[in-house]
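Annotation source TrEMBL lists transmembrane segment at B:20-36, B:42-67, B:88-112, B:124-147, B:159-181, B:231-251.
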Amino acid sequence: MTITIENLYKRFGKNHVLKGVNLSVEPGRIYAILGPNGSGKTTMIKSILGMVIPDQGEISVLDRPIKHGWKYRKQIDYLPQIANFPPNIKVQELIDMIKDLRNSTSAEEELIDLFGLEPFLDKKLSTLSGGTKQKVNIVLTFMFDSPLIILDEPTTGLDPWALIRLKELIQKEKANGKTILITSHIMQFVEEIANEIVYLLEGEIYFKGGIGKLLDQTNEINFEHAIAALTTKKP
Amino acid sequence: MIKILKYSFYDLIRSRWSYVYFLFYLALGFVLLFLNNDVSKAVITLMNVIIVLIPLIGTIFGVMYYYNSREFTELLLAQPIKRSSIFMGQYFGVAGSLTLSLVLGLGIPFLLYGLLRSNAIFDFSLLLVTGAFLTFIFVGLSFVIAISNENKIKGFGYAVLLWLFLAVVYDGLFLMSLIIFEEYPLDTFSLVSTMLNPIDLSRILILLKLDISALLGYTGAIFKKFFGTDLGFLTSMAILLLWTALPIGILRYKAKRKDF
C-alpha cells in the first residue's frame with residue numbers, strides 16, 4: 001500500500017472536518033479525490049503531508065507510520081492548491097532553492113521547456129499571472145522523481161494548451177509506475193485520467209471505486225451527473 | 001536547519017531594512033562619539049538608546065518576518081524538512097542578521113575612534129553582548145506571538161503591547177510599588193523584579209559595570225552588592241540565557257502542534 005489512512009479525525013474549533021476517514025491507496029494508480037467545497041479534501045491531503053496534525057487516527061506512507069516523521073516527505077511530490085510563493089524571489093532562484101533543500105536529482109529543464117517558462121525564469125514571482133504561477137508550481141512538483149505525487153487542484157488557471165501538457169505529464173508519470181492523488185472540480189479532467197474515484201462528503205468517504213461502479217450505483221450514463229447525483233441522493 | 005538559516009539570513013541581509021538598521025547604528029555611533037568625545041560617556045548614552053530600541057526593533061522585525069514569510073514556510077512544510085528546523089532556521093536567521101547589524105553598526109565607529117586603546121572596551125563588549133541577548137529574546141517572543149495568532153493585526157498589536165509593557169509600563173509599576181511599600185524591606189523584591197524583566201536586567205547590568213551606580217540611589221547599594229560581584233554577573237548572564245531559551249522552547253512546542 002502506498003498510503004493507508006485509518007480512522008482519521010480532525011476538527012478546527014467547532015468545525016469537524018474529518019470524521020473517521022479510512023482509505024488505502026494502491027501503488028501505480030491515479031486516484032481522484034472529489035467532494036463538494038469544504039468536504040475535507042485538502043485537510044486529508046495536508047494530513048498525509050504532516051502539515052495538519054490529526055486529532056485521532058493513523059496514517060502510513062509506504063508502509064511506515066508518519067507520526068513525527070519528516071523523511072517520508074522525500075517520497076512525495078506535492079502541488080499545493082494555491083500557489084503561495086515568496087513574492088520577492090525569481091523563478092530560477094525558487095527552483096534552485098527547492099532543489100538545494102531537497103537535495104535530490106531533478107529534471108527541471110525539460111519541464112521548463114514543456115511549459116514554455118524560459119522567458120519567466122528571471123522574473124519575480126509576484127509579477128507572474130495566476131496561470132504562470134501554476135505552471136511554476138507544476139514544474140516544482142514534477143521535477144523530482146518520487147513514487148507518490150499529490151496534486152491539489154492542478155488545473156487552476158491553466159490554459160487549454162498547458163492543460164494538455166499536464167495530462168500528458170500525469171500519464172507519463174503513471175506509466176513510470178507512480179501513484180498519483182488528484183483533487184479537482186473539473187469532472188471532464190477527472191474522467192479522463194482517474195482510475196479510481198474517492199468521494200468525500202462531510203468528512204467521510206462516501207464512495208470509493210472505479211468510474212464504472214459509480215455509474216452503476218447512481219444509474220447515470222454521464223460521469224458529471226453521477227457525481228452530482230452522489231451529493232444529492234444522500235439519504 | 002542550516003540551509004533554512006542561510007536562506008533567511010541572506011534574504012534579510014539583502015533587504016532594505018537591514019541596511020537601514022545598520023546605517024542607523026553607524027550614524028548613532030559616529031554622532032555620539034563626535035558629541036561626547038569620550039568612549040565611556042558614549043557607551044552610557046548608547047545604552048539608554050539601545051536598551052529600549054533593540055527590543056522594539058526585535059519585536060517588530062520578528063513579527064513582520066514571520067507574517068511575510070508565511071508563504072515560504074508553507075512551501076517548506078511540504079518538503080522533507082523537520083518542522084522545528086524550519087522555525088529555528090528562520091528565528092536564528094532574523095535574530096542573527098539583526099545582531100550582525102548591531103555589532104557592525106556600532107563596532108565600526110567605535111573601532112575607528114580607538115576603542116582598542118581605551119579602557120571602555122569591556123563595557124562596550126558588555127553592551128554588545130546584552131544587545132545581542134535582547135535581540136534574541138525579543139525576536140523569540142515576537143515569533144511566539146506571531147505563531148499563536150493567525151491574524152496579522154492582532155499579532156502586531158500583542159507584540160507592540162508586550163514591548164510597551166516590558167520597556168515602559170513595567171518600570172512604572174516597579175517604581176510605584178517601591179514607593180507604596182517604602183516601609184518594608186524591598187531588597188529581595190527589587191532584585192527579583194529586575195530579574196523578571198530582561199530589559200531592566202540588561203540596564204542594571206550595564207549601569208553597574210559602568211560604575212555609575214550612585215545614580216541609582218539607595219537601592220543601588222543593594223544592586224551593587226549583588227550584580228557587582230562575579231556571582232551576580234554570572235547569575236544575570238544565566239538569567240538572560242534562560243530568557244532566550246524560554247521563547248525558543250515555546251516556539252518549538254507551538255510549531256510541533258500547529259496546523260497549516
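Placed from the backbone N, Cα and C atoms, the Cβ positions cover glycine too.
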Where, among B:20-36, B:42-67, B:88-112, B:159-181, do we find the most CB pairs under 8 A to the transmembrane segment (B:124-147)?
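Looking only at B:20-36, B:42-67, B:88-112, B:159-181, the most contacts with the transmembrane segment (B:124-147) come from B:42-67.
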For the transmembrane segment (B:231-251), name the stretch out of B:20-36, B:42-67, B:88-112, B:159-181 with the most CB-CB pairs under 8 Å.
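So the stretch in question is B:88-112.
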Please indicate, using numbers and ranges, the residues of the same chain that are 6 or more beyond the transmembrane segment (B:42-67) and have a C-beta under 8 Å from a C-beta there.
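Those are 8, 12, 17, 21, 28-29, 32-33, 36, 90, 94-95, 98, 102, 106, 110, 120, 123-124, 127, 130-131, 134-143, 145-147, 152, 155-156, 159-160, 162-163, 166-167, 198-199, 202-203, 206-207, 210, 212, in sequence order.
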